[in-house]
Structure formats: C-alpha cells, structure tokens
Amino acid sequence: MAHHCCSRFLDLSRFRGLKGNQVISCADILSAMLLRGIGQKLQMAYGLNARLLGFFMDKVILPCGDIAALVYFWNPFTIVSCVGLSTSPIENLAVILALFGAVTRRVPLAAFGFVMATHLSLYPATLAIPIIIILRYGLDAPPIKLFLQTRSVENEKSSTSTVSKQAKSKQTTHLPFLWKTVAHFLFWVLLWSLYVLVLCALSLNKYGGLEEMFKRTYGFILSIEDLSPNIGVFWYFFAEVFDFFRNFFLIVFHVNVLFMLLPLVIRLKHRPCFLAFVYLAISSILKSYPSVGDSALYLSLWALFVNELVDMKFSFFLFCGYLGISLLSPVMHNLWIWRGTGNANFYFGNAIGYACFQIVFVVESVSAMLNHDRALRRSSSNHGEVKS
C-alpha cells in the first residue's frame, strides 16, 4: 500500500510501535462515532421528508448511522491502514470532522476539519462545494419541486387542518441563501489556514520554510515524481509515457477531477452529503498516490445512504470484485516484487481492475440515487391524482 505524500513529509518514526497504533486506533474510533452522528442527522431528515411527502409510511427506515459506523470500523481496508501505520485514518478523521461540523452547523468545526484535510492531502479541497451547500440549504432532501407539488395538492383540500397546513408550508418553502453562514465558514477557513501556516513556518524555519513544505507536499502530489507501485494507475502510465508528453498528461489527469465537479453539483445539489461521497470516491480513483484508506472512507459514507440506495444494481458483483482485488493484489505484488516470478503487468492488471470496479461503483450509486428521486417524483404524481 502506497503512502500519501504527507506520510513522506511527516516523520512517522515517532509513531512506530504501540503508540502509533493507539493514535491511529483512536482516530478510527472517533471517525466511527462522528459517522454515527452524521447518520443520525441524515436519518432524521429522511424520515421527516418522507412524512411530509406522504411516502414510505409502512417502510422501515434503516439506522444508517450505525451501519456507516460499523462499515468504517470493521472494514478490512480500515484495519489494514491501521496495522500499516498509514496516515490515512488521520486524513479520514479530518474529512469526517468537516462533514460533521457542516451537518451539525458548527461552522468553526467544519472549517477546522476542512483546513486540516486539505493540509494533509490536496484532494479534499473539493469538499468546499458540498460543505457550502449544506450550510446554505441544509441536509439531503428530495428535489424541492416535490415539496411544492405536495403543497399545491394539500392547499386544494379543504379538510386539511390549519396546523398541518402551516407545518407543511413551512417545510416546503425555499430556504434563503444564507450568506452570513457561508461568509462565516470562509472566515474560519481563512483563520485556521493562517494559523496552520504560521505554525508550519515556525516549525520548518530550519528546513526551508513554507516553500519547501509546499514543494514536498502539494508539489509532490502534482508532479508525480515517485513512480513506486501502488493501487493507483498513474505510476504505470507515467513510467511508460515519453518525457516530452509528461507535462501535458499531468495537466490532463489533474484537470480531469475538476471537470467533474460542475456537472455533479448541478445534478446533485439537493443532496450535498451524497455529493461529498461522490467527490471523495472520484478523488480516490484519480489520486496520484491512493491508498486503501481512501476506499474505507467513501465506502462508509456510502453506507449513510442505505435507505435511498437499497435498490442499487450489481451490488453482489461489486462486492465480489472488491473482495477479489483485495485478495489478489498482495499476491501479485509478492510475485512481482519479492519472488521475481512475474512482471509489472501482473500487479497493474489488478490496479486497472480495482479502478474499474470503483468507477462502476460510483456510477451505479449515482444512478440509484437519481432513480430514487425519479421514483419519488412518480409517487408524488400518483399521490396527487389519488387525492384529487
């Protein structure tokens, strides 16, 4: 398993042995607890929206918070990251802390988690969009058109009580753009960023300062200088590409992440927490130096939406694919690196398969969520026709 660039910059020798396991284990436990808190908030919002729309009254709502915590805590990828003394659990904790702060509307906490996650790894910077949407409109909910359609139907019924009508009208009104909350978040992001940079400048004054830090962290991520084998696909590609085209493909691969941001935010703006899951999953596929800890994070976030994704296709196929890749990758790595009986294609084939399974997983998850929204829309139409 490849280390993140921050693993190279931080001196992990201080955390070797028992103390390192204790620190990382505490980070995993805290992450699981925060995931449970996020899931409880999403579960309450899911139940409230279902009651307001009059759907799923006989449907059992699964405890998504407990499921997400169990998926993260007992995930083999999480255990491997802990045993390997990777910094992935610390990065995952920062990401989950940012989402928890946004969900609970603790703006300083959300900004702190976002700054620390971005400081440890560049890719969580994409979470700024879902966090701002959460602070702007609130938690995940069906499209606002369904609430407006339900309100119009309820207003036509003379038998509806005044209290019920006021409650539904209050919940189905467009939420205003909370500029103060967003500005509050940006202020705390700037404040925490300045605080972290000042501390880094003071501690690294004898080692080149901030310029050297950025060169060895963000510069290391963007330049892909280390081509050691990992579970990603960049190392093999840039080992084979001609030096003349290297800068061009560096730009193409990194900008590819940014190109996916706008279409997804347009389509999933009413589900910002799910959008954060999609961003993290895509980033784990297209990262320069991915690790299995990244998969542990987005798989646990996926578990937060078990109620919406219950009809997801190819679930068993994807489970078998993840299991097979997890078992074959160490074997192929051992055959190539240690025994010398294979070549790079043995291990790279597993990396390609792993990337393909992740892509299918993301695509099917998004498709299942959109199908869930379409089912709500059809049910809303039928519900209105029956009541009329």
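Quick reminder: no glycine exception, Cβ is built from N, Cα and C everywhere.
Looking at the stretches 87-109, 317-339, the one that TrEMBL records under the feature transmembrane segment is 317-339. Highest Cβ contact count with the transmembrane segment (122-139) among the listed stretches 185-205, 217-238, 273-289, 317-339 falls to 273-289 (criterion: pairs under 8 Å).
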